[in-house]
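Listed features, source TrEMBL:
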TRANSMEM  23-42  transmembrane segment
TRANSMEM  54-77  transmembrane segment
TRANSMEM  89-108  transmembrane segment
TRANSMEM  146-162  transmembrane segment
TRANSMEM  182-206  transmembrane segment
Amino acid sequence: MVVATSDDPGQTTDRSRLWWARLLRLAFAALGCAALIALPVYRWGAAGFTLANYFSYFTVLSNVATVIVLLVGALIAPNSPSWQWVRGAVTTMMVITGIVYALLLSGIDVNLNIDWINDVMHRVMPLVILIDWIVLRAWRLPDRSWLTWMAIPLIYGVYTLSRGPVVDWYFYPFIDPRTQGYVSMTISLVVVLIGMTLMSFGVYWLGTRGRNGR
């Protein structure tokens, strides 16, 4: 028997495929949740570790959002345009997390360096949510969503730069003006922002390809 998936009203698929998609979402949500819980357990009491700092990492926030999206997708699988926007926004966050880590942070200690947790947060979960986005495409995604997704990293950047002077600590070297000065940091952030914008558009294209003849 064939039915239309909730993510793709224009295509048909086996019920078993949708069931397996939900099962995989649930399994990887559990893996992401385990990593998010394990890291503070491992580092509890370590110098400089606080839950406020931990939940201020973009990596952690994006993984929390990914776990939520996977759980909702596994248990409910809504198909409204607003939900597809959320899926795309979280996928963009995780693509940014994975690529920025690979290019800028893989050799730097950012206090998220327990090997298996690091791999789950920076490599496995970004790949999982991207594959989920590509396979179960967002056929009802509003146009130009990729531009609005950029509000999330922009707000995070403002938060980090505002919080940094108060606690005298920054999460990532490329957003730390103490070591490079504001001019150099601004140039770096402009380059990073351009890259993030391209990533956001790439996520949008991957999730909507084939829609309306695209």
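Cβ atoms are placed via backbone N, Cα and C, with glycine included.
Beyond the ends of the transmembrane segment (146-162), by six or more residues, the same chain brings 56, 58, 61, 85, 88-89, 92-93, 96, 170-172, 175, 177, 189, 193, 196-197, 200-201, 203-204 to within a C-beta distance below 8 angstroms of the stretch. Within the same chain, residues 88, 91-92, 95-96, 99-100, 130, 133-134, 137, 141, 145-147, 149-150, 153-154, 157, 174-176, 214 sit at least 6 positions outside the transmembrane segment (182-206) and bring their C-beta atoms closer than 8 Å to a C-beta of that stretch.
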